[in-house]
Amino acid sequence: MVRLPLVPRWLRWSAVVVAAAAIAAASLLVVPPDTPETGTIGFDKLWHAATYLGFGLLLAYALVEAGLSVRTKAMLVFGLATLYGVGIEIAQAFVPYRRYDVLDMVANAVGAALACGWYRFEGRIDFVGTEAFEGAD
């Protein structure tokens with residue numbers, strides 16, 4: 001069994017909000033560089049998948065003490081992360097220097113689905129309050 005710190009709920013959800021804001025800022029406010037697509041998938045799609053994998057993992061960590069079944073938590077993680085990604089893509093359709101791309105939505109959903117792999121291991125993790133780690137040096 002692996003021991004991991006369980007920070008307070010407010011801090012876990014704050015991390016989700018900060019990540020969502022960072023994704024929105026990077027997706028809607030930052031002018032993307034003019035880089036050509038490379039390969040079959042392209043770096044852009046891998047970046048989308050990795051971003052939503054991380055976002056999904058933050059959601060999964062935030063839901064640790066939610067008192068829900070593993071299936072329900074996995075559906076929430078996948079659903080919330082995917083819907084957020086779809087919403088960001090739709091918003092990009094209205095930003096002049098951005099483009100709406102269905103394949104970006106698919107890449108976001110792939111990342112969200114990969115984050116659900118967390119639930120394969122969550123039962124093997126012993127979450128302990130951060131006070132258990134104080135003075136552990």
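These residue numbers are counts, starting from 1, taken along the chain as shown.
Cβ from N, Cα, C; glycine included.
Residues or ranges marked as domain 'VanZ-like' by TrEMBL: 43-120.
The feature transmembrane segment is assigned by TrEMBL to 12-31 (among others).
If you look up TrEMBL, you'll see 46-64 (among others) marked as transmembrane segment.
Sequence-distant contacts of the transmembrane segment (76-95), counting only residues of its own chain at least 6 positions beyond either end whose CB sits under 8 Å from a CB of the stretch, comprise 20, 23-24, 27-28, 48, 52, 55-56, 59-60, 63, 68, 101-102, 104-105, 108-109, 111-113, 115-116, 118. Residues or ranges marked as transmembrane segment in TrEMBL: 76-95 (among others).
Under DSSP, residues within the domain 'VanZ-like' (43-120) fall into helix, strand and coil as 60 helix, 0 strand, 18 coil.
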